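The following features are taken from TrEMBL:
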ACT_SITE  Glu83  active site, proton donor/acceptor
ACT_SITE  Cys115  active site, acyl-thioester intermediate
ACT_SITE  His237  active site, proton donor/acceptor
BINDING   Tyr147, Lys246, Asn281  (3S)-3-hydroxy-3-methylglutaryl-CoA binding site
DOMAIN    6-169  domain 'Hydroxymethylglutaryl-coenzyme A synthase N-terminal'
DOMAIN    178-252  domain 'Hydroxymethylglutaryl-coenzyme A synthase C-terminal'
DOMAIN    258-355  domain 'Hydroxymethylglutaryl-coenzyme A synthase C-terminal'
Amino acid sequence: MSNNSAVGIHDLSFATTRYVLPHAALAEYNGTEIGKYHIGIGQRSMSVPAADEDIVTLGAAAAAPIIARHGNDRIRTVVFATESSIDQAKAAGIYVHSLLGLQSACRVVELKQACYGATAALQFAIGLVRRDPDQQVLVIASDVSKYELDSPGEATQGAAAVALLVSADPALVRIENASGLFTADVMDFWRPNYRDAALVDGQESVQAYLQAVEGAWKDYGQQGGRSFEDFAAFCYHQPFTKMAYKAHRHLLNHVGLVDTDKDDVERAIGQTVAYNAVIGNSYTASVYLGLAALLDQAEDLTDRAIGFLSYGSGSVAEFFAGTVVPGYQAHLRSEANLDAIARRKQVTYAEYRELHERSFPTDGGDYSTPTETTGPFRLAGLSGHKRIYQTR
Ligand code: COA
(Lines of atoms letter the chains of each structure in order from A and count residues from 1; the text may use other names and numbers.)
(Lines give C-alpha, C1' and ligand atoms only; values in the text may rest on other atoms or scores of the structure.)
Protein backbone atom coordinates (compact mmCIF):
# COMPACT_ATOMS: atom_id res chain seq x y z
CA MET A 1 0.00 0.00 0.00
CA SER A 2 1.42 3.38 -0.92
CA ASN A 3 1.16 6.43 1.27
CA ASN A 4 -1.57 7.73 -1.00
CA SER A 5 -3.87 4.73 -0.70
CA ALA A 6 -7.26 5.51 0.77
CA VAL A 7 -7.79 5.04 4.49
CA GLY A 8 -10.67 6.50 6.42
CA ILE A 9 -14.10 5.98 7.93
CA HIS A 10 -15.67 2.75 6.76
CA ASP A 11 -18.70 2.85 9.06
CA LEU A 12 -20.18 5.27 11.60
CA SER A 13 -22.79 4.50 14.23
CA PHE A 14 -23.95 6.46 17.26
CA ALA A 15 -25.92 5.96 20.44
CA THR A 16 -27.41 8.38 22.89
CA THR A 17 -29.18 8.22 26.22
CA ARG A 18 -32.52 6.94 27.51
CA TYR A 19 -33.70 10.38 28.59
CA VAL A 20 -34.00 13.86 27.13
CA LEU A 21 -34.65 17.27 28.71
CA PRO A 22 -36.04 19.98 26.42
CA HIS A 23 -34.50 23.43 26.88
CA ALA A 24 -38.03 24.76 27.27
CA ALA A 25 -38.20 22.94 30.65
CA LEU A 26 -34.85 24.40 31.74
CA ALA A 27 -35.94 27.89 30.65
CA GLU A 28 -39.21 27.58 32.51
CA TYR A 29 -37.35 26.59 35.66
CA ASN A 30 -34.66 29.29 35.58
CA GLY A 31 -36.62 32.09 33.89
CA THR A 32 -34.32 32.37 30.88
CA GLU A 33 -35.88 33.75 27.70
CA ILE A 34 -36.12 30.63 25.48
CA GLY A 35 -34.63 32.53 22.51
CA LYS A 36 -31.29 32.49 24.31
CA TYR A 37 -31.24 28.70 24.16
CA HIS A 38 -32.94 28.10 20.81
CA ILE A 39 -31.22 30.94 18.91
CA GLY A 40 -28.45 32.33 21.14
CA ILE A 41 -26.67 29.02 21.69
CA GLY A 42 -28.64 26.94 19.15
CA GLN A 43 -29.80 24.13 21.45
CA ARG A 44 -33.29 22.56 21.65
CA SER A 45 -32.80 19.64 24.07
CA MET A 46 -30.14 17.65 25.87
CA SER A 47 -29.61 13.91 26.25
CA VAL A 48 -29.60 12.83 29.90
CA PRO A 49 -28.14 9.46 30.97
CA ALA A 50 -30.28 7.09 33.00
CA ALA A 51 -28.93 5.80 36.32
CA ASP A 52 -27.80 2.59 34.57
CA GLU A 53 -26.03 4.27 31.63
CA ASP A 54 -22.46 5.52 31.40
CA ILE A 55 -19.73 6.01 28.79
CA VAL A 56 -19.24 2.22 28.56
CA THR A 57 -22.89 1.33 27.88
CA LEU A 58 -23.16 4.19 25.39
CA GLY A 59 -19.89 3.25 23.68
CA ALA A 60 -20.85 -0.42 23.42
CA ALA A 61 -24.31 0.48 22.10
CA ALA A 62 -22.72 2.70 19.43
CA ALA A 63 -20.24 0.03 18.35
CA ALA A 64 -22.51 -3.04 18.42
CA PRO A 65 -24.17 -2.34 15.02
CA ILE A 66 -20.71 -1.96 13.44
CA ILE A 67 -19.64 -5.38 14.73
CA ALA A 68 -22.97 -6.85 13.60
CA ARG A 69 -22.38 -5.55 10.07
CA HIS A 70 -18.64 -6.15 9.66
CA GLY A 71 -17.69 -8.82 12.19
CA ASN A 72 -14.61 -8.38 14.36
CA ASP A 73 -11.97 -10.59 12.69
CA ARG A 74 -9.94 -7.64 11.44
CA ILE A 75 -10.22 -5.42 14.52
CA ARG A 76 -6.88 -5.61 16.34
CA THR A 77 -7.10 -2.22 18.02
CA VAL A 78 -9.82 -0.41 19.98
CA VAL A 79 -9.21 3.22 20.91
CA PHE A 80 -11.70 4.70 23.37
CA ALA A 81 -11.64 8.49 23.51
CA THR A 82 -13.33 10.21 26.44
CA GLU A 83 -13.03 13.06 28.87
CA SER A 84 -15.59 11.59 31.27
CA SER A 85 -13.46 8.63 32.23
CA ILE A 86 -14.71 6.14 34.84
CA ASP A 87 -11.32 4.82 36.00
CA GLN A 88 -7.86 6.28 36.39
CA ALA A 89 -6.08 3.12 35.27
CA LYS A 90 -8.24 0.71 33.30
CA ALA A 91 -9.34 1.71 29.79
CA ALA A 92 -13.13 1.92 29.43
CA GLY A 93 -12.66 0.24 26.05
CA ILE A 94 -11.81 -3.06 27.79
CA TYR A 95 -15.36 -3.28 29.15
CA VAL A 96 -16.64 -2.58 25.64
CA HIS A 97 -14.26 -5.19 24.19
CA SER A 98 -15.78 -7.70 26.61
CA LEU A 99 -19.44 -6.67 26.09
CA LEU A 100 -19.00 -6.96 22.31
CA GLY A 101 -17.07 -10.26 22.47
CA LEU A 102 -14.08 -8.94 20.53
CA GLN A 103 -11.08 -11.21 19.98
CA SER A 104 -8.36 -11.38 22.63
CA ALA A 105 -5.69 -10.65 20.00
CA CYS A 106 -6.43 -6.95 20.31
CA ARG A 107 -4.90 -3.85 21.89
CA VAL A 108 -7.26 -1.56 23.79
CA VAL A 109 -6.38 1.88 25.06
CA GLU A 110 -8.07 5.07 26.30
CA LEU A 111 -7.19 8.51 25.01
CA LYS A 112 -7.78 11.89 26.62
CA GLN A 113 -7.48 15.49 25.50
CA ALA A 114 -10.85 17.08 26.20
CA CYS A 115 -13.14 17.10 23.15
CA TYR A 116 -10.22 16.56 20.76
CA GLY A 117 -9.43 12.96 21.87
CA ALA A 118 -11.43 11.16 19.18
CA THR A 119 -9.61 13.00 16.41
CA ALA A 120 -6.26 11.90 17.83
CA ALA A 121 -7.73 8.38 17.93
CA LEU A 122 -8.79 8.63 14.28
CA GLN A 123 -5.35 9.84 13.19
CA PHE A 124 -3.56 7.13 15.18
CA ALA A 125 -5.94 4.55 13.70
CA ILE A 126 -5.10 5.72 10.18
CA GLY A 127 -1.40 5.24 10.96
CA LEU A 128 -2.03 1.66 12.14
CA VAL A 129 -4.11 0.81 9.07
CA ARG A 130 -1.44 2.25 6.78
CA ARG A 131 1.08 -0.08 8.43
CA ASP A 132 -1.16 -3.10 7.84
CA PRO A 133 -4.16 -2.44 5.57
CA ASP A 134 -5.73 -5.79 6.48
CA GLN A 135 -6.38 -4.52 9.98
CA GLN A 136 -9.27 -2.35 11.08
CA VAL A 137 -9.39 -0.06 14.10
CA LEU A 138 -12.50 0.57 16.16
CA VAL A 139 -12.55 4.15 17.43
CA ILE A 140 -15.13 4.96 20.09
CA ALA A 141 -15.83 8.50 21.27
CA SER A 142 -18.10 8.43 24.31
CA ASP A 143 -18.89 11.21 26.75
CA VAL A 144 -21.31 12.56 29.29
CA SER A 145 -21.06 16.33 29.49
CA LYS A 146 -21.85 17.56 32.96
CA TYR A 147 -21.68 21.08 34.38
CA GLU A 148 -22.87 22.44 37.73
CA LEU A 149 -26.61 22.94 38.12
CA ASP A 150 -27.63 26.58 37.63
CA SER A 151 -24.33 27.45 35.94
CA PRO A 152 -24.07 28.96 32.43
CA GLY A 153 -22.69 25.63 31.18
CA GLU A 154 -25.81 23.72 32.29
CA ALA A 155 -27.64 24.50 29.04
CA THR A 156 -24.80 22.97 27.02
CA GLN A 157 -24.82 19.51 28.62
CA GLY A 158 -25.50 16.33 26.64
CA ALA A 159 -24.29 12.77 26.16
CA ALA A 160 -23.63 10.41 23.25
CA ALA A 161 -21.15 7.97 21.78
CA VAL A 162 -19.96 7.65 18.20
CA ALA A 163 -18.20 4.54 16.92
CA LEU A 164 -16.05 4.73 13.79
CA LEU A 165 -14.63 1.75 11.96
CA VAL A 166 -11.35 2.88 10.38
CA SER A 167 -10.11 0.83 7.45
CA ALA A 168 -8.45 0.79 4.05
CA ASP A 169 -10.78 1.45 1.09
CA PRO A 170 -13.40 3.03 3.35
CA ALA A 171 -17.05 3.07 2.32
CA LEU A 172 -17.87 6.53 3.71
CA VAL A 173 -15.06 9.10 3.93
CA ARG A 174 -11.39 9.01 2.91
CA ILE A 175 -9.24 11.03 5.29
CA GLU A 176 -6.53 13.06 3.59
CA ASN A 177 -2.94 13.28 4.80
CA ALA A 178 -2.61 17.03 5.27
CA SER A 179 -3.44 18.09 8.80
CA GLY A 180 -3.22 21.45 10.53
CA LEU A 181 -2.30 21.37 14.23
CA PHE A 182 -2.49 23.86 17.08
CA THR A 183 -1.72 23.54 20.81
CA ALA A 184 -1.83 26.29 23.44
CA ASP A 185 -1.76 26.01 27.24
CA VAL A 186 -5.03 27.66 28.33
CA MET A 187 -7.34 27.02 31.29
CA ASP A 188 -10.68 27.42 29.53
CA PHE A 189 -12.18 24.11 30.65
CA TRP A 190 -10.88 21.34 32.90
CA ARG A 191 -12.03 18.71 35.38
CA PRO A 192 -9.76 17.92 38.33
CA ASN A 193 -9.72 14.24 39.33
CA TYR A 194 -11.82 14.88 42.43
CA ARG A 195 -14.68 16.52 40.53
CA ASP A 196 -17.70 15.10 38.74
CA ALA A 197 -18.62 18.27 36.90
CA ALA A 198 -16.26 20.23 34.68
CA LEU A 199 -14.98 23.71 35.53
CA VAL A 200 -15.22 26.18 32.69
CA ASP A 201 -14.61 29.79 31.83
CA GLY A 202 -17.23 29.91 29.09
CA GLN A 203 -16.31 33.20 27.42
CA GLU A 204 -12.60 32.35 27.58
CA SER A 205 -13.31 28.96 25.98
CA VAL A 206 -15.12 30.57 23.06
CA GLN A 207 -12.14 32.88 22.45
CA ALA A 208 -9.63 30.03 22.87
CA TYR A 209 -11.63 27.96 20.37
CA LEU A 210 -11.59 30.78 17.78
CA GLN A 211 -7.85 31.28 18.21
CA ALA A 212 -7.32 27.56 17.75
CA VAL A 213 -9.39 27.55 14.54
CA GLU A 214 -7.12 30.24 13.14
CA GLY A 215 -3.95 28.43 14.26
CA ALA A 216 -4.99 25.03 12.93
CA TRP A 217 -6.12 26.50 9.60
CA LYS A 218 -2.83 28.38 9.21
CA ASP A 219 -0.81 25.20 9.78
CA TYR A 220 -3.13 23.26 7.45
CA GLY A 221 -2.19 25.68 4.65
CA GLN A 222 1.50 25.32 5.47
CA GLN A 223 1.14 21.53 5.29
CA GLY A 224 -0.16 21.78 1.71
CA GLY A 225 -3.85 21.57 2.52
CA ARG A 226 -6.73 22.43 0.22
CA SER A 227 -7.96 25.93 -0.37
CA PHE A 228 -11.03 27.18 1.49
CA GLU A 229 -13.20 27.21 -1.64
CA ASP A 230 -12.70 23.46 -2.18
CA PHE A 231 -14.92 22.47 0.72
CA ALA A 232 -18.58 21.52 0.34
CA ALA A 233 -19.17 21.68 4.10
CA PHE A 234 -17.37 22.05 7.44
CA CYS A 235 -17.85 19.83 10.50
CA TYR A 236 -16.81 21.77 13.59
CA HIS A 237 -16.69 20.60 17.18
CA GLN A 238 -20.05 21.76 18.55
CA PRO A 239 -20.13 22.37 22.32
CA PHE A 240 -23.35 24.17 21.33
CA THR A 241 -24.35 24.47 17.70
CA LYS A 242 -24.03 28.26 17.52
CA MET A 243 -20.30 27.74 18.11
CA ALA A 244 -19.96 26.15 14.66
CA TYR A 245 -21.40 29.34 13.12
CA LYS A 246 -19.10 31.55 15.20
CA ALA A 247 -16.09 29.44 14.21
CA HIS A 248 -16.98 29.44 10.53
CA ARG A 249 -17.52 33.20 10.40
CA HIS A 250 -14.21 33.66 12.17
CA LEU A 251 -12.50 31.46 9.57
CA LEU A 252 -14.22 33.30 6.71
CA ASN A 253 -12.93 36.61 8.03
CA HIS A 254 -9.50 35.13 8.57
CA VAL A 255 -9.21 33.95 4.96
CA GLY A 256 -10.38 37.36 3.75
CA LEU A 257 -13.93 36.42 2.79
CA VAL A 258 -16.59 38.58 4.38
CA ASP A 259 -19.38 36.66 6.03
CA THR A 260 -22.18 38.83 4.70
CA ASP A 261 -23.78 36.02 2.73
CA LYS A 262 -25.83 34.12 5.30
CA ASP A 263 -26.75 31.49 2.70
CA ASP A 264 -23.06 30.63 2.22
CA VAL A 265 -22.59 30.06 5.94
CA GLU A 266 -25.80 28.05 6.12
CA ARG A 267 -24.71 25.90 3.17
CA ALA A 268 -21.38 25.16 4.86
CA ILE A 269 -22.71 24.44 8.36
CA GLY A 270 -26.51 24.04 8.28
CA GLN A 271 -26.66 20.30 7.73
CA THR A 272 -24.04 19.49 10.39
CA VAL A 273 -25.97 20.77 13.41
CA ALA A 274 -29.22 18.74 13.41
CA TYR A 275 -28.11 15.99 15.80
CA ASN A 276 -26.01 18.15 18.12
CA ALA A 277 -28.89 20.64 18.55
CA VAL A 278 -31.09 17.96 20.12
CA ILE A 279 -28.41 15.82 21.83
CA GLY A 280 -26.31 18.63 23.35
CA ASN A 281 -22.57 18.59 23.86
CA SER A 282 -21.17 15.09 23.48
CA TYR A 283 -17.57 16.30 23.85
CA THR A 284 -15.32 13.90 21.86
CA ALA A 285 -18.24 12.61 19.79
CA SER A 286 -19.63 15.99 18.75
CA VAL A 287 -17.62 16.63 15.57
CA TYR A 288 -18.49 13.12 14.31
CA LEU A 289 -22.19 13.59 15.15
CA GLY A 290 -21.81 16.63 12.89
CA LEU A 291 -20.50 14.35 10.14
CA ALA A 292 -23.36 11.86 10.68
CA ALA A 293 -25.95 14.63 10.37
CA LEU A 294 -24.29 15.99 7.23
CA LEU A 295 -24.05 12.63 5.47
CA ASP A 296 -27.62 11.72 6.46
CA GLN A 297 -29.14 14.97 5.20
CA ALA A 298 -27.07 16.24 2.26
CA GLU A 299 -28.45 15.43 -1.16
CA ASP A 300 -25.24 14.04 -2.65
CA LEU A 301 -21.70 14.64 -1.43
CA THR A 302 -19.97 12.10 -3.68
CA ASP A 303 -16.31 13.07 -4.22
CA ARG A 304 -16.83 16.34 -2.34
CA ALA A 305 -14.36 17.54 0.29
CA ILE A 306 -15.47 18.08 3.89
CA GLY A 307 -13.42 20.14 6.34
CA PHE A 308 -13.14 18.95 9.95
CA LEU A 309 -12.20 21.18 12.84
CA SER A 310 -11.70 19.34 16.09
CA TYR A 311 -11.14 21.40 19.24
CA GLY A 312 -10.41 20.22 22.77
CA SER A 313 -10.12 22.76 25.55
CA GLY A 314 -6.84 23.14 27.25
CA SER A 315 -6.19 23.25 24.24
CA VAL A 316 -5.48 21.22 21.09
CA ALA A 317 -7.09 21.69 17.68
CA GLU A 318 -6.73 19.99 14.33
CA PHE A 319 -8.05 20.87 10.89
CA PHE A 320 -8.14 18.11 8.29
CA ALA A 321 -10.11 17.08 5.23
CA GLY A 322 -12.06 14.07 4.08
CA THR A 323 -13.52 13.17 0.70
CA VAL A 324 -16.83 11.40 0.44
CA VAL A 325 -16.66 8.01 -1.26
CA PRO A 326 -18.94 7.16 -4.25
CA GLY A 327 -21.81 4.92 -3.12
CA TYR A 328 -21.58 6.13 0.50
CA GLN A 329 -25.37 6.52 0.79
CA ALA A 330 -25.85 2.74 0.82
CA HIS A 331 -23.75 2.48 4.01
CA LEU A 332 -25.43 5.19 6.10
CA ARG A 333 -27.48 4.48 9.23
CA SER A 334 -29.86 7.42 8.87
CA GLU A 335 -32.97 5.64 10.12
CA ALA A 336 -31.23 4.19 13.19
CA ASN A 337 -29.77 7.62 13.92
CA LEU A 338 -33.16 9.33 13.87
CA ASP A 339 -34.60 6.51 15.95
CA ALA A 340 -31.89 6.85 18.64
CA ILE A 341 -32.93 10.48 19.03
CA ALA A 342 -36.70 9.95 18.77
CA ARG A 343 -36.98 7.10 21.25
CA ARG A 344 -35.56 9.04 24.21
CA LYS A 345 -38.05 9.56 27.00
CA GLN A 346 -38.70 13.11 28.12
CA VAL A 347 -37.97 13.84 31.78
CA THR A 348 -39.28 16.73 33.83
CA TYR A 349 -36.87 19.32 35.14
CA ALA A 350 -37.21 17.83 38.66
CA GLU A 351 -36.39 14.33 37.39
CA TYR A 352 -33.38 15.63 35.46
CA ARG A 353 -32.13 17.46 38.56
CA GLU A 354 -32.33 14.29 40.62
CA LEU A 355 -30.42 12.30 37.97
CA HIS A 356 -27.82 15.05 37.78
CA GLU A 357 -27.14 14.97 41.50
CA ARG A 358 -27.03 11.19 41.78
CA SER A 359 -23.55 9.86 42.49
CA PHE A 360 -22.15 6.40 43.17
CA PRO A 361 -21.11 5.49 46.69
CA THR A 362 -17.34 5.31 47.10
CA ASP A 363 -17.20 2.84 50.00
CA GLY A 364 -16.71 -0.34 47.93
CA GLY A 365 -20.06 -1.74 49.04
CA ASP A 366 -22.63 -3.41 46.82
CA TYR A 367 -25.00 -1.08 45.08
CA SER A 368 -27.46 -1.87 42.30
CA THR A 369 -28.85 0.66 39.87
CA PRO A 370 -32.54 0.90 38.97
CA THR A 371 -33.41 -0.60 35.57
CA GLU A 372 -34.09 2.42 33.41
CA THR A 373 -32.28 2.12 30.10
CA THR A 374 -33.82 0.28 27.16
CA GLY A 375 -30.41 0.01 25.48
CA PRO A 376 -28.58 -3.25 24.75
CA PHE A 377 -26.16 -2.80 27.67
CA ARG A 378 -26.64 -1.55 31.19
CA LEU A 379 -24.58 -0.65 34.21
CA ALA A 380 -26.12 -2.98 36.78
CA GLY A 381 -24.28 -1.58 39.77
CA LEU A 382 -21.11 -1.47 41.80
CA SER A 383 -19.56 -4.25 43.83
CA GLY A 384 -16.19 -4.16 45.58
CA HIS A 385 -15.30 -0.91 43.74
CA LYS A 386 -16.01 -2.62 40.39
CA ARG A 387 -18.59 -1.58 37.81
CA ILE A 388 -20.86 -4.48 36.84
CA TYR A 389 -22.26 -4.45 33.30
CA GLN A 390 -25.05 -6.52 31.76
CA THR A 391 -25.92 -7.39 28.19
CA ARG A 392 -29.57 -7.68 27.29
N1 COA B 1 -32.68 35.60 22.02
C2 COA B 1 -31.65 35.30 21.18
N3 COA B 1 -30.34 35.29 21.55
C4 COA B 1 -30.07 35.57 22.85
C5 COA B 1 -31.08 35.88 23.78
C6 COA B 1 -32.43 35.89 23.32
N7 COA B 1 -33.45 36.16 24.15
N8 COA B 1 -30.48 36.14 24.96
C9 COA B 1 -29.14 35.97 24.79
N10 COA B 1 -28.89 35.63 23.50
C11 COA B 1 -27.59 35.32 22.88
C12 COA B 1 -26.48 36.24 23.31
O13 COA B 1 -26.51 37.46 22.58
C14 COA B 1 -25.26 35.39 22.97
O15 COA B 1 -25.03 35.43 21.58
P16 COA B 1 -23.55 35.74 21.02
O17 COA B 1 -22.68 34.65 21.58
O18 COA B 1 -23.72 35.61 19.55
O19 COA B 1 -23.17 37.06 21.51
C20 COA B 1 -25.75 33.97 23.28
O21 COA B 1 -27.18 34.06 23.36
C22 COA B 1 -25.24 33.44 24.61
O23 COA B 1 -25.43 34.40 25.58
P24 COA B 1 -24.36 34.67 26.75
O25 COA B 1 -24.85 35.79 27.58
O26 COA B 1 -22.98 34.75 26.17
O27 COA B 1 -24.54 33.28 27.52
P28 COA B 1 -23.81 32.70 28.79
O29 COA B 1 -23.13 33.72 29.60
O30 COA B 1 -24.86 31.88 29.46
O31 COA B 1 -22.66 31.76 28.18
C32 COA B 1 -21.71 29.86 27.12
C33 COA B 1 -22.82 30.93 27.07
C34 COA B 1 -21.76 29.03 25.87
C35 COA B 1 -20.35 30.52 27.25
C36 COA B 1 -22.01 28.96 28.36
O37 COA B 1 -23.15 28.21 28.09
C38 COA B 1 -20.89 28.02 28.73
O39 COA B 1 -20.06 28.34 29.57
N40 COA B 1 -20.86 26.80 28.13
C41 COA B 1 -19.85 25.79 28.43
C42 COA B 1 -18.52 26.03 27.75
C43 COA B 1 -18.55 25.90 26.29
O44 COA B 1 -19.42 25.28 25.73
N45 COA B 1 -17.53 26.47 25.64
C46 COA B 1 -17.39 26.42 24.20
C47 COA B 1 -16.00 26.21 23.70
S48 COA B 1 -15.41 24.56 23.99
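Positions of Cβ are set from backbone N, Cα and C atoms, glycine also.
Note that TrEMBL annotation is computational and uncurated.
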Seminar exercise, completed: Here the Cα-Cα span from Tyr147 ((3S)-3-hydroxy-3-methylglutaryl-CoA binding site) to Glu83 (active site, proton donor/acceptor), rounded to a whole number of angstrom, reaches 13
Exercise. When you measure from the Cβ of Glu83 (active site, proton donor/acceptor), how many other Cβ atoms are you left with inside 10 Å?
Worked result: 27
Exercise. Do you know the mean pLDDT across the domain 'Hydroxymethylglutaryl-coenzyme A synthase C-terminal' (178-252)?
Worked result: 96
For this session: Would you mind reading off the Cα separation of Lys246 ((3S)-3-hydroxy-3-methylglutaryl-CoA binding site) from Cys115 (active site, acyl-thioester intermediate), to the nearest angstrom?
Result: 18
Problem set entry | CB within-chain contacts under 8 A for His237 (active site, proton donor/acceptor), separation at least 6 | Cys115, Tyr116, Tyr209, Met243, Ala244, Ser286, Val287, Gly290, Leu309, Ser310, Tyr311, Gly312
Problem set entry | Number of other Cβ atoms within 10 Å of the Cβ of Lys246 ((3S)-3-hydroxy-3-methylglutaryl-CoA binding site) across all protein chains | 16
Exercise. What is the number of residues in the domain 'Hydroxymethylglutaryl-coenzyme A synthase C-terminal' (178-252) that are helix, strand and coil, as DSSP sees it?
Worked result: 36 helix, 16 strand, 23 coil
For this session: Restricting to the same chain and to sequence separations of six or more, state which residues have a Cβ under 8 Å from that of Asn281 ((3S)-3-hydroxy-3-methylglutaryl-CoA binding site).
Result: Ser145, Thr156, Gln157, Gly158, Gln238, Pro239, Phe240
Exercise. So how many of the residues in the domain 'Hydroxymethylglutaryl-coenzyme A synthase C-terminal' (258-355) end up helix, strand or coil by DSSP?
Worked result: 52 helix, 20 strand, 26 coil
